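Asks: Here it is, the structure, as structure tokens.
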């Protein structure tokens, strides 16, 4: 496929504009601004068009073609931001073929975008926001609290952005090289394995975080019959932390918004302390 | 606070507001935002500490799909300004201040996301005219509004006399201050519940319980536990790829072959 494409490009070199190395870099840089105009009407639509605009400029010097390219990329779009680079790559491949005269319709390009954004959103949010970011930021915060100061924020920034930028770069490249063949990746099960691994690791770490950071410190010594069982304090507190988290999960499933749960916990903390049940 | 450091704090607020919607560089995460405000006000030590404490609370707060979570950037900047700036309130009071600003930031974010629809219609007109650079300008202008979303409230807080704020916080009874401290310990549960809500299913509960019990029983530090978690995950994936039949969600034989092939490619 790749070879075939290259041949095609050679043939069309003189008649049709092609994407230049600089365009890919510019598009890669722009990919970090995808959500700037996130809106309730078409979500990331303008973001996608913004990212693609160096390619639109290069491929469609003719005004009518340019207008229709701009319009088709201002349609509804929403996915997990970092995963979007894969969609960009595939679309760049399609747009370049279209500009070279291949019979690719607007609705084909739109349906490729639509077909990719759902599954990628379903992978991207849990992997990046549900696992990688919580784990990295937790490790960084722990570094700070164990006395490494500024190294915590620096390592978090470098690690996250290193992963994010290299992923975006590679995904854009891969999407462009493979074009619509990338759909095979969706059915191959690799993405399923990644999701499964990230979910297992993420949940393991959430278990660790609950044990380490949700603090419900009961003072059993205050209750007469527990006076000689102070060693139990740590275990009772840990159990309470787990139950508290499960209560929050239950409330979220009941569609109580996080803000109300936060306010509830504030009140609970105040009452718990004032009543002498929970200690600082 | 001098004019220069005030301006730098406002610049940080603007950048945090922009990155808060972009969700790319993570400058809006408390760990980084509070550190930057700390640097600007010449009080980086308390900025970093506040950031780490606030980070643990906000760790799971995320926008999934179109749902807007409590805001992270605005409370991080405001709390850091109050803690590191001339008001010099304590870290736990700073966190108590952060919570209402998480609500305010969320409301403002929803407001801006609605108003940007107008810009989208301008972009449509730019597209009808084939005017790419105008379309790009509209996009970046939207970003500036998201920056102002954090900058404006920060500016308002800056204009309140720090002595008054300091005095106000000192009026709070000790019972309430200590109660807030207890609450801070509880708050992290919400973020973890948000992550669980997105991911957890029946067999993942065992992973969660495993991590929890190992952490409680062993008392190992979080870095070692992370490595153990990674190793267990790798073993799990290795085992489930060797015994495809034991996994419920694996499909037919063809799918399995493709999957093995892709794994070899990796």
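Backbone N, Cα and C atoms are what each Cβ position is placed from, and that goes for glycine too.
Bear in mind that the values here come from a model prediction, so they are computed numbers and not experimental data.
Look at TrEMBL and you will find B:28-52, B:64-89, B:95-112, B:140-160, B:172-194, B:206-239 tagged as transmembrane segment. Taken from TrEMBL, the feature region 'Disordered' covers B:244-266. What TrEMBL records for B:252-266 is compositional bias 'Acidic residues'.
If you look at the structure here, what lies around each of the features I listed?
Replies: Tertiary proximity for the transmembrane segment (B:140-160) is limited to same-chain residues at least six positions away from its ends with a CB under 8 Å from its CB atoms, namely 1, 6, 9-10, 13-18, 20-22, 73-74, 77-78, 81-82, 85, 101, 104-105, 108-109, 112, 115-116, 119.
Sequence-distant neighbours of the transmembrane segment (B:206-239) (same chain, 6+ residues past either end, Cβ-Cβ under 8 Å): 196, 200.
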Asks: Report, as numbers and ranges, every residue of the chain located at least six residues beyond the transmembrane segment (B:172-194) whose Cβ falls under 8 Å of a Cβ in that stretch; write 'none' if there are none.
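Replies: Cβ under 8 Å, 6 or more out: 53, 56-62, 69, 90, 92-93, 95-96.
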Asks: Same chain only, please: residues at least 6 beyond the ends of the transmembrane segment (B:64-89) with a C-beta under 8 Å from a C-beta of the stretch. Say none if there are none.
Replies: 1, 9, 12-13, 16-17, 19-20, 28-30, 33-34, 37-38, 41-44, 46-47, 50-51, 54, 58, 95, 97-99, 101-106, 108-110, 113, 149-150, 153-154, 157-158, 162-163, 165-166, 169, 194, 198
